Amino acid sequence: MADNTILIKNALILNPENNIEGKKDLLIKNDLIDEIADEIPEDKADKIIDATDKILLPGLVNTHTHLSMTLFRGLADDLALDEWLNENIWPVEANLNGYYCYIGALLGAVELIKSGTTTFSDMYFYMEDVAKAVDESGLRAVLSYGMIDFGDEEKRKAEIEENMNLFKNCNDTADGRIKVFFGPHSPYTASEELLKEVRRLADETGIGIHIHVSETQKEIDDVSAEKGLRPFEYLDSIGLLGPDVVCAHSVWLSDREIEIIKEKDVKISHNPCSNMKLASGIAPVSKLLENDICVAIGTDGASSNNNLDLIEELKTASLLQKVATLDPKVLTSDEAVAMGTINGARALGLDDEIGTVEVGKKADLILIDTNCANMVPDSSNLSSNIIYAANGSNVDTTICNGQILMENKELTTLDEQEIYQKAREAIDQLKKAI
Ligand SMILES: CSC[C@H]1O[C@@H](n2cnc3c(O)ncnc32)[C@H](O)[C@@H]1O
Ligand SMILES: [Zn+2]
């Protein structure tokens, strides 16, 4: 079969941790970045993309979301987590089916592609239907089935079986773009027995773990009352924690818990918009970064955010740390770019493949248009322009695994109008069932 070759010309490259000076050409061969040079001849490629006035950076990595929850955007606003989940979201989720989750995931995929995310880590229900949406969209994803047993043994077995079936049926599918993790929901919904079994199976299979931890003060109080330990102390005491664990939120942390996170090389997915909207609190991100802990970024679901724009999320993360510490020097735009790219790749165990613009890595790349009112004048500091001035709507081109998913703001793999229509119908039907 002939090679897929794409030549991107004249791009300013923003690369986390290792900047590339001046305008460059970049050649994609099949799914990989093949060459980066001052000038690459046009006859080396079948397809040319002119990146004049555009900034090229690694595709963004959203390390915590519930993609199908796009259907619930705006459904239950202005509530704290407990009331939001127990009285609003879980009753609606009880009426979900595979089709709804598929349509919600397609809607989320459109939003991710349009705002520059090429990889996302998802925890939800009907995950084989979500995998179908990932396959069709061309995105890269880490998928976990969200396991909740509330101490019920039968439920526990069924939940673990569901996640294992997802692993057997979907891991390494979609040309290797889909990986499967375990998704125990949280220390307050998953029993000790479930968490211990997850650790055993993670060691056996080599797959990672995605879990919500220490999101609210109520969680700290409840777990402390039941276990006599704070959430990270408890998870450590039962052996769950390790470098393959990605913890979402992690807002309320004692100094001892930060030590545990560091010692065990646990990865943190920071979700500032969701934490602000549900009034959960402010995660001590600058302290975590000072301790060399890998902090990545996530949007959480579109019902607690209410969008999946990762550039907006990174700006929020940066500004929130500045105001929380009253120090404008913390969480710089360079650190924010790393959070949205290479740190996300590390959290998901994909840093050999994605997260930087480097020859030999997967061609997961985005182009951001600077010929827009909010991006002029061009800043000599590219990360400043991307984090503080841009937003997802400045993304012009999105490429994942060497495949163009959007060019000049036009989607190539998904029909967005058809998806909007189906999503509207799906939520109308769901509302009737409530
Ligand atoms: C069992 S699948 C995932 C489960 O998590 C719920 N969820 C969404 N956002 C949050 C959050 O911020 N904290 C805890 N749980 C959350 C989602 O609605 C699903 O039920
Ligand atoms: Zn979540």
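Each residue, glycine too, has its Cβ placed from N, Cα and C.
According to TrEMBL, the protein carries these features:
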type    : residues              : note
DOMAIN  : 55-404                : domain 'Amidohydrolase-related'
BINDING : H64, H66, H212, D300  : Zn(2+) binding site
BINDING : E93, H185, E215, D300 : substrate binding site
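A distance of 13 Å separates the Cα atom of H64 (Zn(2+) binding site) from that of E215 (substrate binding site). Taking the mean position of the Cβ atoms of H64, H66, H212, D300 as the Zn(2+) site, the remaining residues of that chain whose Cβ falls within 8 Å of it are T65, M123, A248, H249, S269, N271, S274, G298, T299, G301. The binding-site residues examined here are H66, H185, H212; by Cβ neighbour count within 10 Å, the least packed of them is H185.
Comparing Cα positions, H185 (substrate binding site) lies closest to H212 out of the binding-site residues H66, H212, D300. Taken residue by residue with DSSP, H66 (Zn(2+) binding site) is part of neither helix nor strand, so it is coil. Taking a Cβ distance under 6 Å to any atom of ligand 2 as the criterion, the binding-site residues E93, H185, E215, D300 reduce to D300. Note: the Cα of H212 (Zn(2+) binding site) and the Cα of E93 (substrate binding site) are spaced 18 Å from each other.
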